[in-house]
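Here the structure is laid out as structure tokens; the discussion comes afterwards.
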Amino acid sequence: MSKRTVTELQTSSDAHPAKKTTQGIKQHNEHPDEMGEFEDGWEDEYESDEEVVDGTAAEGEDVLPAIEESEEAPAAPDVFIPGVHQLGKDEILEPDESVYIMRHSMNVNWPCLSFDVLRDNLGDQRQRFPATAYIVAGTQADVAKSNDISVYKMSSLQKTQKQADESDDDNDDDDDDEALDEDPILEYRSVPHFGGVNRIRAQPLPSSSSLPPVSQPYYVASWAETGKVHIWDVRPLIEALDVPGYTPDKARTHTPTFTINSHGRTEGFAMDWASSGESNPSALRLLTGDIASKIYLTTTTPTGFNALSQPFLSHTSSVEDLQWSPSEATVFASCSADQSVQIWDVRSKGRRSVAGIEKAHESDVNVISWNRSTSYLLLSGGDEGGIKVWDLRNVKKKGTAAADPTPVAAFNWHRGPITSIEWHPSEDSIFAASGSDDQVTLWDLAVEQDDEETGAMDVTPEGGRDVPPQLLFVHQGQKDVKEVHWHPQIPGTVISTALDGFNVFKTISV
């Protein structure tokens, strides 16, 4: 089926694979300084009539067989399937550029293990190239004082797709200068941040809305390894990237607008923003969860931010991720190293969860994502590498004896912990996931289910693996992928971050 596409990656035996070229036959004179015999250009070299009739060669002469044109297509490149094939010594992976509409890699000074996409004024649903994207990221430097929060502007993101029959050797010399112009441009503005950044999230802005004017704030929250959660105004940093000569006010950008001290010195990773809706987007709510199982809520008031002192307590281990409901303003979900997914309502007394899945995975539940179009669907990713899709209408309420629900789909493709997962912003059946097995995968639940209607793959007797029909694409090439996000204004564009920098790509599959 046409939607089912997996990245085709070729193996090579050298770090710099030799390119195949067609070699012509050249005549060489072994003694260029000596004069050879002259040939009579008018000599009749045709065969005699007898030789033509008999069709035989003189005794002792070799006859070359006639060259026949082959109609067979060239062999397809080897497809590298993670978990089935292993790279040999000195082998590398080469991406099939025909399946990428756009693919760019960008390196940074320090690894940015968390980032978020920032909204811009360039329009929604844009398809033209070159593209431009803005993100905010936090570093993991070697010492605490060397970290920062950076706003990146990725521009000149050109279309890079090549047809399968295109050769890299074609017009290499002629295109060298043009290739330089097609390289992406990465610009940034930074503010210092004491301590590594565990997670960073930007405030939500209503879809189809414009970026706030520079006089108004655009907030970003950072979870520091020191146990503090800082809220920053990054709007002047965006202005500095777009307007030549603009200098941000350091008093506004270099000092946090607000710092949440509710967690003490306990660090955490879970964090999610919510707004109060289109009518009042400036009324913000921020959830933060720590490794001591506590969740705190911070809200905005006319005078600023207000961190509530009473935590939400139902988890028994580290809170790994948080997500506000896209349809109910007071409801949120959480997942934890205690293997559970919990559903909460901020209005409930006692700050306890109101429903949950007590054993959502066989190991830690690392990440969740709430479907913004079909609000009863929730994704979860576990430390064992499993991905599950839950129908929240079947989740049991607290105080009942009902058993945990069965996931509506389960996938066991990844061979390492799931590090990030996110629904597509507008296609309610598509999602992206990343794992510590160095894969970013794209999935579509709308593709026909397999025989068991679970989406799980089968294992062949030879030890190989069948590709699940819902798996659209496998992107590789990064080391230790930590986070992946869809760009909400550039359809189908995915940005991922890993130890070796950022990848920005768009495939033919989504």
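Cβ coordinates come from backbone N, Cα and C, glycine included.
It should be emphasised that the depicted structure is a prediction, and the values quoted were computed from it without experimental measurement.
Pulled from TrEMBL:
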COMPBIAS  7-26  compositional bias 'Polar residues'
COMPBIAS  35-52  compositional bias 'Acidic residues'
COMPBIAS  166-183  compositional bias 'Acidic residues'
DOMAIN    90-157  domain 'Histone-binding protein RBBP4-like N-terminal'
DOMAIN    318-443  domain 'EIPR1-like beta-propeller'
REGION    1-52  region 'Disordered'
REGION    157-183  region 'Disordered'
REPEAT    312-354  repeat 'WD'
REPEAT    358-400  repeat 'WD'
REPEAT    411-445  repeat 'WD'
Please list the DSSP helix, strand and coil residue counts for the repeat 'WD' (312-354). 3 helix, 18 strand, 22 coil
Summarise the domain 'Histone-binding protein RBBP4-like N-terminal' (90-157) as counts of helix, strand and coil residues per DSSP. 6 helix, 34 strand, 28 coil
On average, what pLDDT score does this prediction assign to the repeat 'WD' (358-400)? 96
When secondary structure is assigned with DSSP, how many helix, strand and coil residues does the repeat 'WD' (411-445) contain? 0 helix, 19 strand, 16 coil
